[in-house]
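*Asks:* One structure follows; several queries about it will come next.
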Amino acid sequence: MKIAILSRDGTLYSCRRLREAAQQRGHQVEILDPLSCYMNVSPVASSIHYKGRQLPHFDAVIPRIGSAITYYGTAALRQFELLGSYPLNESVAITRARDKLRSLQLLARQGIDLPLTGIAHSPDDTSDLIAMVGGAPLVVKLVEGTQGIGVVLAETRQAAESVIDAFRGLNAHILVQEYIAEAKGCDIRCLVVGNEVVAAIERRAKEGDFRSNLHRGGMATVAQISDEERAIAIKATQTLGLDVAGVDILRATRGPLVMEVNASPGLEGVETTTGVDIASRMIAWIERQATPEFCLKIGG
């Protein structure tokens, strides 16, 4: 197969591993910067051009699109879809997962347990918003934040009100969640490919922090997950229509709670911690799914 990887930086670990895995399985791979793709949208001769040439047909496309370029990145991916390429995560599913409010609404509708969550823009009654999630301590996040940026733990009601008021001054959407103290700064990242959790790690926040993101200095170890956690991770992935996802789960007293579903999970932390060849699992999934019938259907 001819496979395109959409990424702004082909030297990143995940891109390198996906290219290696695909080539080892006999596929041709090209890494394309989605922002350098430009498109001819036509009822008779739609095409995608890249650095002065028209791109050939690709059997499959692997989107590694950062949140900062979601709009144009998914637009480029959608053009590949319309031309009959199989996407490892459809553009509509990526957009759905990147919209934190929409994704939480969909997960909740499917009965997937979440931390108590309130979302607001300019709440007239900050006290009521805080009470909605059970009071302090609580976590205040910018809806557009990623990798732990724009996330604050407010230990008291007064601190929570101050943080919410400060964020409101940024003219930003605010997400307020209950603080799961019993998780003790840890979460579980389940890497889902298709209908299977292929690997799971426990991420522990560095001392003095509560954010477990590896980009923030968190530590990772292999996680043993329960059947319930496994089922929830798969259900969350399928609810958002994703083929591949990193599902972040908090272990609360009342059971596992889904914190976030990442549509473009990094492979480095999970592969190096667990030793699982996730990249090859992803390519194998493409091989099973990128049938002519599927590509004809998604191409419209």
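Including glycine, each Cβ sits where the backbone N, Cα and C put it.
Note that the structure is a prediction, hence the values are computed from the model and not measured.
Feature annotation from Swiss-Prot assigns ATP binding site to Lys141, Glu178, Tyr179, Asp187, Arg211, Ser212, Asn213; the stated evidence is sequence analysis. Under the heading Mn(2+) 1 binding site, Swiss-Prot lists Asp248, Glu260. The Mg(2+) 1 binding site annotation in Swiss-Prot covers Asp248, Glu260. Per Swiss-Prot, the feature Mg(2+) 2 binding site maps to Glu260, Asn262; the stated evidence is sequence analysis. Feature annotation from Swiss-Prot assigns Mn(2+) 2 binding site to Glu260, Asn262. Taken from Swiss-Prot, the feature domain 'ATP-grasp' applies to 104-287, supported by sequence analysis.
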*Asks:* Checking the contact step here: among the binding-site residues Lys141, Glu178, Tyr179, Asp187, Asn262, which have a Cα within 10 Å of the Cα of Asp248 (Mn(2+) 1 binding site)?
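*Replies:* Among Lys141, Glu178, Tyr179, Asp187, Asn262, the ones whose Cα sits within 10 Å of that of Asp248 (Mn(2+) 1 binding site) are Asp187, Asn262.
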*Asks:* List the Cα distance (Å, whole number) between Asn262 (Mg(2+) 2 binding site) and Tyr179 (ATP binding site).
*Replies:* 20
*Asks:* Let me spell it out: for each of the binding-site residues (Tyr179, Asp187, Glu260, Asn262), count the other Cβ atoms within 10 Å of that residue's Cβ, using every protein chain shown. Which one has the most?
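*Replies:* By the 10 Å Cβ neighbour count, Asp187 comes out on top.
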*Asks:* C-alpha of Asp187 (ATP binding site) to C-alpha of Glu260 (Mn(2+) 1 binding site): distance in Å?
*Replies:* 11
*Asks:* Please report the distance from the Cα of Tyr179 (ATP binding site) to the Cα of Glu260 (Mn(2+) 1 binding site), rounded to the nearest angstrom.
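*Replies:* Per the Cα atoms, Tyr179 (ATP binding site) and Glu260 (Mn(2+) 1 binding site) stand 14 Å apart.
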*Asks:* Which residues, sitting 6 or more apart from Lys141 (ATP binding site) on the same chain, put a CB under 8 Å from its CB?
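*Replies:* Expected: Gly150, Val151, Val152, Ile174, Leu175, Val176, Gln177.
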*Asks:* I'm checking region-level scores; what's the whole-number mean pLDDT for the domain 'ATP-grasp' (104-287)?
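*Replies:* Across the domain 'ATP-grasp' (104-287), the average pLDDT comes out at 89.
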*Asks:* Tally every other Cβ atom lying within 10 Å of the Cβ atom of Asp248 (Mn(2+) 1 binding site).
*Replies:* 21
*Asks:* Between the Cα atoms of Glu260 (Mn(2+) 1 binding site) and Glu178 (ATP binding site), what distance do you get, rounded to the nearest Å?
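*Replies:* Given the Cα positions, Glu260 (Mn(2+) 1 binding site) is 14 Å from Glu178 (ATP binding site).
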